Amino acid sequence: MRWITLTILLLPLLSFLLLIGGRKWRSRGLVAGIGVLTSYGAFHLSSYLLMNMIQKKTQVVISMPWLTLSDQVVHLGIKIGALQAVMLVLVSLVSCLVQIYSWGYMRDDERFPVFFAYLGLFTFSMLGLVSSANLLQIYIFWELVGLCSFLLIGYWYYKPEARDAAKKAFIVTRIGDVGFFIAILMIFWKIGSFELDAVSKAVSTGTISGVWVTWIAILILIGAIGKSGQFPLHTWLPDAMEGPTPVSALIHAATMVTAGIYLVAATFPVFLASSYALDIVSYIGGFTAIFAACIALVQTDIKRVLAYSTVSQLGYMMLALGSKGYVEGIFHLVTHGFFKALLFLAAGAVIVSLHHEQDLRKMGGLWKKNRGLAIWFLIGCFALVGLPPFSGFFSKDEILQTVYMDGRIGLFVLALITVFLTAFYVFRLYHLIFAGTSRTEQKNTPVPKVMMVPIAILGLLSTLAGFVQFPKAYFSSFLLQGSKLASLTSEAAPAWIGWVAVLFSLFGVGLATLLYWRGYQPAKPRVGLIGWAHRILEQKFYIDQLYHYVFALPLKGLGYFLIGWDRFVVGGLVRLVGLVPVGLSRIASMLQNGQTQTYALVSLIGFILLVIGVTVGRFFS
Amino acid sequence: METFLKFGYLLLPEAIIIGSIVLLMLLDLFIPAKRSRRFFGWLALLAGLGASVALIWVWIIWKTHLDGRPIQYFDSAYLFDAVSLILKLFILLSLIFVFLLSLGNKQNSTGNSYQAEYYYLMLVALLGAWVLVSSADLITLFVGLELLSLASYILVGIRKEDQNAVEAAWKYVVLGGVASAFILYGMSFLYGMTGNTNLMEIYNSLQLSVQPEAILYIYLSFFLMLFGFGFKISAAPFHTWVADVYQGTTSAMAAFLATITKVAIFGFIVRLLLLSYLPLFYRNNWNHYLEWALMGIAILSMIVGNVLALRQTEAKRLMAYSGIAQIGYILVPLTLITLTQGMLFFRVTFFYFFAYILMVAGAFAVISQVTAQAGTGEIRAFAGLYRRNPLLAFAMSIFLISLAGFPLTAGFIGKFFLLTNAFMTKKGILLGVVMILTTILSYFYYFRFVRQMYFRQPDQPERIAIPWTLRIAITISLVGTIALALLPQLLLQLLQSLGL
């Protein structure tokens, strides 16, 4: 089993190395073939591993010493438990499908091999992240995932928006990473180990005190917030839509954003030990869910609607985890992986057939022209909205039950409202694309067959994936095997929750259909409260602007201040004091432009301030 | 004298350097003035390589025959111990990088004049740096310091025809002189109050009893020296000279100042703190102030360096400011030395220094070639480097992300060690958090290079050629930067075997 696990990891890396070496290769079939085959190999072996674990209930553990710092040995290690096996399958499967799809989507791109090389590296990083046995190693892959997303979002670097979006994604997620890294250092300080096992053991035996557990949990959560695009660090995710659509699918379904959820799940014992941390996780999740859903209501870019929908659905997962719903969170992660990948790939097909038009206001009438695509898209929509028997219904229903049983009724109501909002924006999206008549003159381009295959596979999975938990909870029992985490979802959860959720979503679908089934209506002049609300939503609650004024400008100001201080304040002082020395010697005065004295004076002032600063207390105390 | 006769062979590397300096000077005298002196560079490089072989040989002898115990020469004025050995190695390695940079590109070193002087002054500076890290006496310390400083003043301004270089050299001389004066003044107080110039003797008298009225002067001496060192190592708020000097001088010389000078001065500070001033830190009432002074310098350096670098568009200026920040990082374990009981101090600091030398030398090697070809020192010289030489762009990216502390590079492991050290104490958390937060800022300005290299179209389409000496320097730094990240245990074990 160890060799199989290692091979799973190394296959995408091999693809990366081969393709980056062969970035001048002309044959697209060869390039895509390498990418698809290696990721399929990873998927095949991962499924084999998963099957094996289901039957034999074993774990794979590999570990070797890496470095010794004082007396603690830091290991490099792989540990595949149930959660990790599920993640391996999800990541490699989605990656494989996305690469098949990219064969068609990127066919006219000049740097075709580089694109596939990046995808390989991205897949490798994510697989490495989920199979790491210790936090330091997770952090290394965590940063690598961030780097790959930077490369891929900025893949079309000649577009200024893509460049900015890539930079934003990198920097904003780094703010979260700071939290995660501090958490790792604290864990090492308090426990003396990075191993996930050691951490959960230390928490369960109470080796570290409650305050520290809370702090560590919150800091880990900050990392997860950054990666998983939760409020208030969500701003990078919608901008990341500037990357090629297959990348969006990969980022949103299997890699990058799921890393945050995975991290919280992998360190779940820490969160369980602190009710305060669980509260924060739930509230951030619940708030992000409804917040992003609101913004999605008014977006006019097809991919941005889906992006905000991802933010919102990730909020659901956080909400589930915060309500102690370990299995529910992961279950939704998996089903969401399938249907969101489906929706993105289908959206990409829509974009291709409309000559790279992404504005919803210029679409419409695609139902008549591409029936097949419309049906697959519809399946994705049903799954996202959560209508039975599509997979989203089961996972979302379980989340709602968990939240209800956990007793935070306020959040439960928010989650229900979000169900309605989700249904509304999803079907607004659907009708704007497919209903009515076309609002552009151009003819449609046919969608390449190779792009439809992954869409169909994901469509089937989105439909059927829910049945791993129904009628019997196979998924839960597998995920919880050999673990102490208990699922709170029990038969005791009232059945009406499911019905109400379906009712809410049907209501949303109905309302959206009523408003948009004829396609896009040109905006009426909006006044009063509605217009005001619309504007706020359109501007995404002004979060970006807020960051600009609160963080970026003061920092710039500090820079100006420091330079100005050197140049003018101190310089002015010197000119005042230094009128006499200047001109003493001709040679000296030729070179003495006053600045050097300035420098000496700055240092002297610094010195005096330092002496005064650190000693003055002594004379007054 | 007795130890010198007995263990004098351990000073063979020093002897080789001194011999080479004399030899090169004589050679310069006897060769007709018209002959090119380009081969002096090769001779100097040869001397450096010879000294490194000697250093390693001495190391092995010392380890096997003398069980690695410290040897003291000349009434314990000059030491041979693990710290001096490893710092000498670092300094020599840096010098070899600087030689490779100078040989690769004439524009980097002197133009055509003063080739001979350039190279043997480098060796003189190396000797000064070595004396600096091996001394345990105020007088030898000062001699070493001035040997290093005076040689660097000349080297900064050796291109007399370049107005910028002259101005930089002039500033460096004046301000360096001020700093030296402060150090000397501080030393005089220390001597006056304890009656000793030997660091270990000073330690003893500080630990036993100092008159209450004398203690104030001891502290004054500490702060005066802190000023001088802060200046020489370019820590904030004594940093103001550094950007102008780096910008004015050549890339090779900037690399020299960024590596050799900083390593040597840092070794000096460590010696002085650990061998002499340590008892002060354990004296109640006052220890806070000393700790806060050091912490203040570290924190200020991190913030000021990173914030000022944000606004730079000139490559060497940017590196100068980022160097201030790097010094702030390196000072972190030192400021916490009493809180951590010195645990891991040498290991984490030296690990970071080694990584620092590799990435800084590599970055300057790339900068020197790219800016020389573009004829401008601005960052836009890097425009489209990916198109003009993909491997060079890749190497530069690795050096930059290593400086920023991104995983899979030596800089990450180094920073990680510094941070684990900081996080061993409660006070250190403050420093650690400042360090992590300011590191984010550094991504912005390192990103500026990346954006030019990958996202911009080149001004000139033709490929950038790299001389083979530079290619060697870049390859060594690149391989080292990555290898140190994958196998950090190698260096850790080495340090451990030295008892550090």
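Cβ coordinates are placed from backbone N, Cα and C, and glycine is handled just like the others.
Nobody curates TrEMBL annotations by hand; they come from automatic prediction.
Record features, source TrEMBL:
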type	residues	note
TRANSMEM	B:6-27	transmembrane segment
TRANSMEM	B:82-104	transmembrane segment
TRANSMEM	B:116-133	transmembrane segment
DOMAIN	B:135-439	domain 'NADH:quinone oxidoreductase/Mrp antiporter transmembrane'
TRANSMEM	B:139-158	transmembrane segment
TRANSMEM	B:170-194	transmembrane segment
TRANSMEM	B:214-233	transmembrane segment
TRANSMEM	B:254-277	transmembrane segment
TRANSMEM	B:289-309	transmembrane segment
TRANSMEM	B:321-344	transmembrane segment
TRANSMEM	B:350-370	transmembrane segment
TRANSMEM	B:429-447	transmembrane segment
TRANSMEM	B:468-491	transmembrane segment
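Stretch with the largest number of CB pairs closer than 8 A to the transmembrane segment (B:350-370), among B:6-27, B:254-277, B:289-309: B:254-277. With a threshold of 8 Å between CB atoms, the same-chain residues lying at least 6 positions outside the transmembrane segment (B:254-277) that come near it are 83-84, 87, 90-91, 94-95, 97-98, 101, 122, 125-126, 128-130, 132-133, 135-136, 141, 144-145, 148, 152, 155-156, 190, 199-200, 202-203, 206, 222, 225, 229, 232-234, 242, 245-246, 290, 316, 319-320, 323, 327, 330, 334, 337, 342, 349, 353, 356-357, 360-361, 364-365, 368.
Annotation: stretch B:82-104 has the most Cβ pairs under 8 Å to the transmembrane segment (B:468-491), among B:82-104, B:214-233, B:321-344. Tallying C-beta pairs under 8 angstroms between the transmembrane segment (B:321-344) and each of B:6-27, B:82-104, B:170-194, B:214-233, B:429-447 places B:429-447 first. Most Cβ pairs under 8 Å to the transmembrane segment (B:214-233), among the stretches B:6-27, B:82-104, B:116-133, B:139-158, B:170-194, belong to B:170-194.
Between the transmembrane segment (B:116-133) and the listed ranges B:6-27, B:82-104, B:139-158, B:170-194, the one holding the most Cβ pairs under 8 Å is B:139-158. Remote same-chain residues near the transmembrane segment (B:6-27) are listed as 40, 43-44, 47, 50-52, 54-55, 57-58, 61-62, 66, 71, 73, 80, 88, 92, 116, 119-120, 123-124, 126-127, 130 (criterion: CB distance under 8 Å, separation of at least six residues from the stretch ends).
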